[in-house]
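S.K.: Among the features that Swiss-Prot reports, [4Fe-4S] cluster binding site is placed at Cys68, Cys72, Cys75. Taken from Swiss-Prot, the feature [2Fe-2S] cluster binding site applies to Cys112, Cys143, Cys203, Arg275, supported by sequence analysis. The feature domain 'Radical SAM core' is assigned by Swiss-Prot to 53-271, with sequence analysis given as support.
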Amino acid sequence: MNAHVRPVDPANVDPAQPRHDWTLEEVEALFELPFTELVFRAAEVHRRWFDPTELQLSQLLSVKTGGCPEDCGYCAQSQKFKTGLAASKLMEAETVIAAAAEAKAGGAQRFCMGAAWRDLKDRDLPKVAAMISGVKALGLETCATLGMLTADQAKALKAAGLDYYNHNLDTGPDYYDKVVTTRTYQDRLDTLAAVRDAGMATCCGGIVGMGETRRDRAGLLHQLATLPAHPDSLPINDLMPIPGTPLGDSKAVDPLEFVRMIAVARIVCPKSMVRIAAGREHMTKELQALCFLAGANSIFVGARLLTTDNPEKTADEALLADLKMKPMAMA
């Protein structure tokens, strides 16, 4: 169970537990609801499980940037595209731990370490494990995204103190091969299974704005809602088009469609932390407020998300103050 979920009061809410038997048609039907009805339903679900005035604040650090052999069409870190991004070596553990300490001092409660790899190599495991254990010792919730994992690697990361492992599905299965060809959908599902079997929490979501249809978005959420366990953390990214990538000229998704994505995610995965990930830099405070109303309860803080910009700390502090929201208490 997500440690941040608050107890349910059976006198006030439907005691039914989250479902794992959603059909694609049911998820599509949620997307088709009138906007205000959908947001109202999502807000009701949100209040069953969480304090709607609280936000979890996460910070993300790229511990190894660029040079990835994959061809994910949205990503600046692929070596297959000319994006002008210089590849870097894996950071030293001490550097990462110092960055995590700074993040905690700035208000972050969760620290995620990302490496631009297709898969984790055993030779890198000791250094990654040192990063994780050092960040964990600071009292932060730990997350990593390092590509595909074997069962033994997942167990080693768990032993090092990793709380969450991020491995996104990106989009629905019917649209996936239009975005990525170097890794199959099943590859991603297999890594998620290894993470679950190792006893770690899963962080898994996707991206909107890649040219997909509403049915494709429903397909992604249907996949997540029918996993053996819902993702403990569910990030939704609004594509930040990167010049030089195949999706560099993508048109922005309608803002209300992004809110619909948040709302449906909250309804079908009611106990997940639903995170607004990439894309907040170009969102108005009104749009973000709608997302929080629709069930988003986590954001990334810090001026950089891997290779894209994110709102400055002062902007986020002003946003929370304007909305009278507060950072989520540490579990």
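Think of each number as a place in line: the chain as shown, counted from 1.
The backbone N, Cα and C atoms fix where each Cβ goes, and this holds for glycine too.
What you see is a predicted model, and the numbers here were worked out from it, not measured in a lab.
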S.K.: Can you check which residues sit near Cys143 ([2Fe-2S] cluster binding site), meaning Cβ under 8 Å from its Cβ, same chain, 6 or more apart in sequence, and list them in order?
M.R.: Ser58, Arg110, Phe111, Cys112, Met113, Leu162, Asp163, Tyr164, Tyr165, Asn166, Cys203, Ser233
S.K.: Between Cys75 ([4Fe-4S] cluster binding site) and Arg275 ([2Fe-2S] cluster binding site), find the distance joining the two CA atoms and give it rounded to the nearest Å.
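M.R.: Between the Cα atoms of Cys75 ([4Fe-4S] cluster binding site) and Arg275 ([2Fe-2S] cluster binding site), the distance comes to 19 Å.
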S.K.: Please work out the number of neighbouring Cβ atoms within 10 Å of the Cβ of Cys203 ([2Fe-2S] cluster binding site), leaving out its own Cβ.
M.R.: 28
S.K.: What other residues of the same chain, not counting Cys112, Cys143, Cys203, Arg275, have a CB atom within 8 A of the CB centroid of the [2Fe-2S] cluster site?
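M.R.: Everything else in range on the chain: Ser58, Leu60, Arg110, Thr145, Tyr164, Asn166, Ser233, Pro235.
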S.K.: Whose Cβ lies within 8 Å of the mean position of the Cβ atoms of Cys68, Cys72, Cys75, the [4Fe-4S] cluster site, other than those residues?
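M.R.: These residues sit around the [4Fe-4S] cluster site: Glu70, Asp71, Tyr74, Ala76, Gln77, Ser78, Ala116.
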S.K.: Between Cys72 ([4Fe-4S] cluster binding site) and Arg275 ([2Fe-2S] cluster binding site), what is the CA-CA distance rounded to a whole number of Å?
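M.R.: Just about 21 Å between their Cα atoms.
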S.K.: About how far apart, in whole Å, are the alpha carbons (Cα) of Arg275 ([2Fe-2S] cluster binding site) and Cys68 ([4Fe-4S] cluster binding site)?
M.R.: 25
S.K.: Enumerate same-chain residues with a sequence separation of six or more from Cys68 ([4Fe-4S] cluster binding site) and a Cβ-Cβ distance below 8 A; give 'none' if the list is empty.
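M.R.: Listed in sequence order, they are Cys75, Gln77, Ser78, Gln79, Ala116, Trp117, Arg118.
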S.K.: With the cut-off set at 10 Å between Cβ atoms, which of these binding-site residues ends up with the most neighbours? Options: Cys72, Cys75, Cys112.
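M.R.: Answer returned by the neighbour count: Cys112.
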